[in-house]
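Heads up, the thing below is written out as structure tokens.
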Amino acid sequence: MAKYCLKKPSKRKECAKKFKIQKKVREHNRKLKKEAKKNRGKHKKGAKIISVPNKCPFKEEVLREAEEAREQEVAAKQAKKEEAKEKRKQLKEGILKRKNDENGLQNLEALNARAMKQVADYEGRSKKGEENKISENMHQEKTTRQYAAEVRKTIESADIVIEVLDARNPLGCRNQDIEQQVISAGKRLVLLLNKIDLVPKENVEQWLK
């Protein structure tokens, strides 16, 4: 029987296809490296178990010492962790206390400044009030002197001086000083009773008598 000569498929590929496969391989390898680098340290190796042969004459003692050593190591780690925690707590409390002290100092300074401002404002108001009072007294005294001068001029220039009195309180309306000045100047003084319609007629007649 004649043998068939089978033609083997060629391994030759197109350049574009070849480069595409190489690119995918590089990207795949790069991705694997990136994942390995990212997960580095996450998968820790388990503790190596040391077995003691049964034929060992001091097996129980060795196991007990190993257990005690393991417990001491765990206790040391826990103590170290607690110490670090306590240090962080003290540091935090120290920072907080310092901040509170600074805030208290700032509040004290602000309170002192506010008190000084209030004292200054009070002194300023008091001084201003005294100045206003002095100015008012001087103005009042000046007005009184001017009024007295006008009264003297009126008395000197007049022949008859009429003093108007309120019938409801005639004595309260009289001014003895002005009346004395009029009489001393030799002028005639006339007392005029006003608003007699507001009081009983008998009171007016009695006052005239």
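Note that Cβ sites are derived from N, Cα and C of the backbone, with glycine treated the same way.
As annotated by TrEMBL, domain 'Guanine nucleotide-binding protein-like 3 N-terminal' applies to 15-90. Within the model, the domain 'Guanine nucleotide-binding protein-like 3 N-terminal' (15-90) shows a mean pLDDT value of 78, rounded to a whole number.
Residues or ranges marked as region 'Disordered' in TrEMBL: 26-51 (among others).
Sequence annotations record features per position, and here TrEMBL assigns compositional bias 'Basic residues' to 26-47.
The region 'Disordered' annotation in TrEMBL covers 67-98 (among others). Secondary structure of the region 'Disordered' (67-98) per DSSP, as helix, strand and coil residue counts: 32 helix, 0 strand, 0 coil.
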